[in-house]
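Enquirer: Swiss-Prot feature annotations, pasted as is:
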{"type": "BINDING", "residues": "GLY34, GLY35, ASN36, GLY37, ALA38, GLY39, LYS40, SER41", "note": "ATP binding site"}
{"type": "COILED", "residues": "338-415", "note": "coiled coil"}
{"type": "COILED", "residues": "496-604", "note": "coiled coil"}
{"type": "REGION", "residues": "666-783", "note": "region 'Flexible hinge'"}
{"type": "COILED", "residues": "781-805", "note": "coiled coil"}
{"type": "COILED", "residues": "835-868", "note": "coiled coil"}
{"type": "COILED", "residues": "903-1115", "note": "coiled coil"}
{"type": "COILED", "residues": "1206-1265", "note": "coiled coil"}
Amino acid sequence: MIERGKFRSLTLVNWNGFFARTFDLDALVTTLSGGNGAGKSTTMAAFITALIPDLTLLHFRNTTEAGATSGSRDKGLHGKLRAGVCYSALEVVNSRHQRVLVGVRLQQIAGRDRKVDIKPFMIQGLPVKVTPTEILTMTMGDRQARVLPLQELKERVEAIEGVLFKQFNSITDYHSLMFDLGVVPRRLRSSADRSKYYRLIEASLYGGISSAITRSLRDYLLPENSGVRKAFQDMEAALRENRLTLEAIRVTQSDRDLFKHLISEATAYVAADYMRHANERRLHLDDALTLRRDVFGSRKQLASEQYRHVDMARELAEISGGESDLETDYQAASDHLNLVQTAMRQQEKIGRYQEDLEELAFRLEEQNEVVAQSAEQQQENEARLEAAELEVDELKSQLADYQQALDVQQTRAIQFQQALQALDRARELCSLPAMTWEDAAPTLAIYKEREQEATERLLGFEQKLNIAEAASSRFEQAYGLVVKIAGQVSRSDAWQTARELIRDAASQRHQAERLQALRSQLNELEQRLREQQDAERLLQEFCQRMGQDYPPEELDVVQQELEARVETLSATVSEAGERRLALRQTLEQVTARIEQLTARALAWLAAQDALTALSEQSGEALTSSRQVTDTMQLLLERERETTVERDEVAGRKRCIEAQIERLSQPGGTDDARLTTLAERFGGVLLSEIYDDVTLDNAPYFSALYGPSHHAIVVPDLSRVREQLDGLEDCPDDLYLIEGDPQSFDDNVFGVEELEGAVLVKVADRQWRYSRFPAVPLFGRAARESRLENLSAERDVLAERYATLSFDVQKIQRQHQAFSRFIGAHLAVAFEPDPEAEMRTLNGRRGELERELSDHHGQNQQSRQHYDQAREGLQLLNRLIPRLGVLLDDTLQDRLETVQADWHDAQEAARYLSQHQKALDQLEPLVAVLQSDPEQHEQLRADYEQAQQTQRQVRQQAFALTEVVQRRTHFSYSDSAGMLSENTDLNDKLRQRLERAEAERSQARDALHAHQAQLTQFSQVQASLKSSYDAKQDMLKELMQELHDIGVQVDANAEARARERRDQLHMALSQNRGRRNQLEKQLTFCEAEMDALQKKLRKLERDYYQTREQVVSAKAGWCSVLRLVKENGVERRLHRRELAYMEAEDLRSMSDKALGALRLAVADNEHLRDVLRLSEDLKRPERKIQFFIAVYQHLRERIRQDIIRTDDPVEAIEQMEIELNRLTEELTAREQKLAISSKSVANIIRKTIQREQNRIRMLNQGLQAVSFGQVKSVRLNVSVREAHATLLDVLSEQQEQHQDLFSSQRLTFSEALAKLYQRLNPQIDLRQRTPQTVGEELLDYRNYLEIEVEVNRGADGWLRAESGALSTGEAIGTGMSILVIVVQSWEEESSRLRGKDISPCRLLFLDEAARLDAKSIATLFELCDRLQMQLIIAAPENISPEKGTTYKLVRKVFNNQEHVHVVGLLGFGTEQAAPPSTALTETDS
């Protein structure tokens, strides 16, 4: 017995809580035990994802979401994964003991949609020692590992020898391989199949009775009988095709003469036009080639003139360009002259303003000195006035004091005290504390002398200070000149800078004096440089024309070589005439020979066409007339042999068709009366009971029952006995066997199985020995196998018969063709080919024409070389006189040196013109700059100190004077004497006061007068200053304008600019003269070229016109050739004999055929339209399309599948003989293909009975299933009432509805739909077509209804609905149904899978806590009996006694979530439990 495949393990990599975990799956039940959130559902989700990796189906919801139309956005998968690469892999060992690892790579896709990317893969041949975890991860350390990406996994697996890695781009390919390896129970070809499988898994996972499955149990349990449907479709297609073929044959018979006329006229119409276009195209090509040669010759002839014209045009362009440059230079020179003149006028204005400015500066300096002196005098007057006022004040103070003393002379003590105070003040001021009033007078004399000395000293310092201030004004003047010339410099460096300026002025004067000489030298060098540039241009032009660079030193030698070359070329050009004359004579002889051969080619071509046709038909290379007659004799012998073989094949074919007809009957019986008798007796044919027997068991049962394999099995023979009396319509031998048709076994006979045979003990004294037949026919599988072989053999024979019939007719046509060839073409067919010689002569003619063309080209080339050499010699003659200038290499350097010197001299002249006067003024004042007046501050300080000393001595003298004056106060001899003395003193003081006031008045008057004079001097100074500033601003503006002009002028600048302008005007005049000369020469050259150009234009116009015709016709001709070659009509259209006819004859032939075709296709709209389109002369391809359309029309009408040829002409020849035979054969075939409605009803009925029996067999596996109050589960199959009525009418009342089934307009499916609608008018067929409804009625599944029933408690059998059952009962019932569905799928797919493969069986059950222990035990028993694996999830408190249990505990360690797993074997088994192992996954 074949061992069933098993899932060995499930591996999760990088799932939520599982980094790398492998669950070893039990052979029966694997339990995942754990609390809420332990990871049970995640484990099952990983298993289902690896099994069905379809994101459109996957939706892992918990039980609280059951029935919800929308769950979480990621459908439960995204949240179960970790970031990065994840894997879910299933390890499977199938029936072949192949270890296969199938799984998927999952990866989260970033985004709000929470999508997951899935890639399925497969690893086959992995060694047993390598675990899935080891292959999917890579160990990085003791406690760390890395998940491998899919590409690295592929590379790692492929590195292991003998291991196959395959990645799948589609889920269909993935499931196809899983089906072939026995992983899934059925082939999942489409998304609908995957949806069914997923719904089954989903129903298993969440438990209960799935309405999605119970509502469509027919689709899950009943296999599609595609063979029956395909047989009906093939039958209808064959009948339709047969009827169409018969109709086509009848139409073809009536149109055969028209077709002959149509194809002959179409061939003449299209072939004549085809060959006419081919001839015209060849002629146009020849004309185009001739014109092209003439054009090329004329172009070469014109080339020399064009070269000369181009050279002159180039020289004219250069001269015109030079003229433009000269005009630009001349205009620039004129503009420069205007600028120089403007600058000169501006320079004159600047000079005038500078003179005025210098004069104003001189007057301003003088006025400044006057104002300074006046200001000094004003200061002296102010000082005198201040001293006078001070003296007046002092005298008034003294006088007041004395007056006061006189007023209070009664108070002598006060006076005496005042005297003492005066004495103390004198002591303090004089620093003489011991001085007495008696010593005051001598001391006063001393201080008077000191006052005189201080005054004299002060006057000395004042004189020195005045002298220093006068020197200061000259220093400032000299320093201002230095700053004006050299810019800002320090006062300490002013003297050194002034000396350098004076020295530089001498060198600047020397350079300025050389300006005129340098200008003359510069003009001369510029003129020589222009001459050198002209020489270089001539040399470059000469080298360009000669195509080679020549150094100037070799020009003399080159001139001699050119003169010799011109003489040689002149001699070569004169030797061209004789060679051309000889070539023309040879060309005329070749052309005459070609014309002779053309006249002989027509008859030979017609014979060759006939000979080629014979060679193609016979397959022999006919090279002589003897071979033609021998081949004709062989054809007669081959015809006799083929006819005999055809008759033999026809007999064998009839025999096989009889066998096929017998085996096609229901049950394989060749007697339809047996079916009627079986229905009459209420029994079943033995062959129908064993209709499902496999092909391997068919020989055994065929030998077992022997002659009774067509027996009728009845429940009770005694009931049949009465009906046997008077039975007439029955076979000669009728076998009846008593037994239950629903549970029939083969224990009817005593049987002993032998090697290749059986021994049947019919009775004690009767044995039957039967060998296993070589070709068993017992059972549907055996009959179908035999029918398949017979059908293939019949098809081969039919094809062979058709081939032989065609060969006979082909041989007859060949014999007739040979006869016609011998009579018409045998005399000329084997002569030499005239066209071969014509092709040789045409090649020779082309060579001669090319040789003539080449000769003409060489002659033209020699002439061009001659003209080029002559023009080069002319240029060289112009260049030789300038050779000396051309060889002067130092000219540019000398020019640059002189230009640099001239620019320096020009800068020196401009410098002197700007600063000459300032330098002249500075030169005598240089010495003043040696000492800075700012260094004489000490002198001013000494002056002030002397002034302070004078003032102090004066105060001391005044104090002493006061003491001396008060000395009388020290003696109060008597009051009168004191008053008298005081009166004298008062008078003196009054006199001094008067003198002081007079001096003060004089000083004040002098101050006022001098102040008015100072004001007048200041106004004059301000006026001069304002005028000076205005002129200085104007001078700056003029200088800026001169700078903006950008021209540096000197005395000769205007003369040089005018000279440059005159020189350019002269050069421009000469250039214009040369240009006019060249224009005249060009006009003359163009006049000479007009004749050649007119000729060339005419030739080009003719050539382009001809070429345009060729090119425009090329696209159409290419499309014509493409159509001809693609459709294989070149042999019909390319008639070489028409190539020798004139275009008018071919056009006349085509027009005549067109008139006949218009009448022939008048009734055919398509051909008429195509013919009308083909009359367009601009679209020749449409005639080919018409010819192809005619051939296509003929092929469609004469049925190429009947007349086996690709040529409609040959098909027309075969048609007369073939049509009668095909008519008879097709009529008989239609009778054989027709199927009765009764047969259809029997086939559907038998199929329904077979499936009912199969469902009953499946129910036997559900009898022992019990869950809670449910004692048993079964599937109830019934036939729909409307469909049962349809079957009854088809089998018994078909005569009443023959109007439907005998109609030629309706197919059998359409007739069946019409009958169904007639019997059930209340049923609305909606928008479905009768053909669609009829095809559905041919599917037996639409006749059945399947329901699930349970035997529950006292209620008995009732329909299984979730509302009527407890949760556990519903889970158990639903699980039982799913097991039956899986078993049904396996049986259905057994023929598609390998014989040595028994697929894996596995279902799921989540939340098994809803089942009691007995129900779980029932599930275990069911898994054991059906060899099915089951994965259930249970809470922690449930521990099944069997299978393998995994305890899952989710923990969090260091913020890392992982699942702690402990695997245990069932503790109810006898074997010792393995040690509990725990594997903790830690995320790295």
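Cβ coordinates are placed from backbone N, Cα and C, and glycine is handled just like the others.
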Enquirer: Using DSSP and collapsing to three states, where does GLY34 (ATP binding site) fall: helix, strand or coil?
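Expert: Reduced to three states, the DSSP call for GLY34 (ATP binding site) is strand.
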Enquirer: Most CB pairs under 8 Å with the coiled coil (903-1115): which of 338-415, 496-604, 835-868?
Expert: 338-415
Enquirer: Residues of the same chain, at least six outside the coiled coil (835-868), with any C-beta under 8 angstroms of its C-beta?
Expert: 293, 296-297, 300-301, 303-304, 307-308, 545-546, 566, 569-570, 572-573, 576, 579-580, 583-584, 586-587, 590-591, 593-594, 597-598, 601, 604-605
Enquirer: If you count Cβ atoms within 10 Å of the Cβ of GLY39 (ATP binding site), leaving out that atom itself, what do you get?
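Expert: For GLY39 (ATP binding site), the 10 Å Cβ neighbour count is 28.
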Enquirer: If you count other Cβ atoms within 10 Å of each one's Cβ, which of the binding-site residues GLY34, GLY35, GLY37 has the most?
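Expert: Top count of Cβ atoms within 10 Å goes to GLY34.
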Enquirer: Under the DSSP assignment, what numbers of helix, strand and coil residues are found in the region 'Flexible hinge' (666-783)?
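Expert: Helix, strand and coil residues of the region 'Flexible hinge' (666-783) number 47 helix, 26 strand, 45 coil.
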Enquirer: Which residues in the same chain, at least 6 apart in sequence, have a Cβ under 8 Å from the Cβ of ALA38 (ATP binding site)?
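Expert: Expected: LEU1448, VAL1449, ARG1450, VAL1459.
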Enquirer: Using a 10 Å cut-off, grab the number of neighbouring Cβ atoms around the Cβ of LYS40 (ATP binding site), all chains included.
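Expert: Total other Cβ atoms inside 10 Å, all chains included: 25.
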Enquirer: I need the most crowded of these binding-site residues: ASN36, SER41. Count other C-beta atoms within 10 angstroms of each C-beta and give me the top one.
Expert: SER41
Enquirer: Neighbours of the ATP site GLY34, GLY35, ASN36, GLY37, ALA38, GLY39, LYS40, SER41: Cβ within 8 Å of the Cβ centroid, same chain, sequence order.
Expert: LEU32, THR42, ALA1433, LEU1448, ARG1450
Enquirer: Sort LYS40 (ATP binding site) into helix, strand or coil using the DSSP assignment.
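Expert: Going by the DSSP assignment, LYS40 (ATP binding site) falls within a helical segment, counted as helix.
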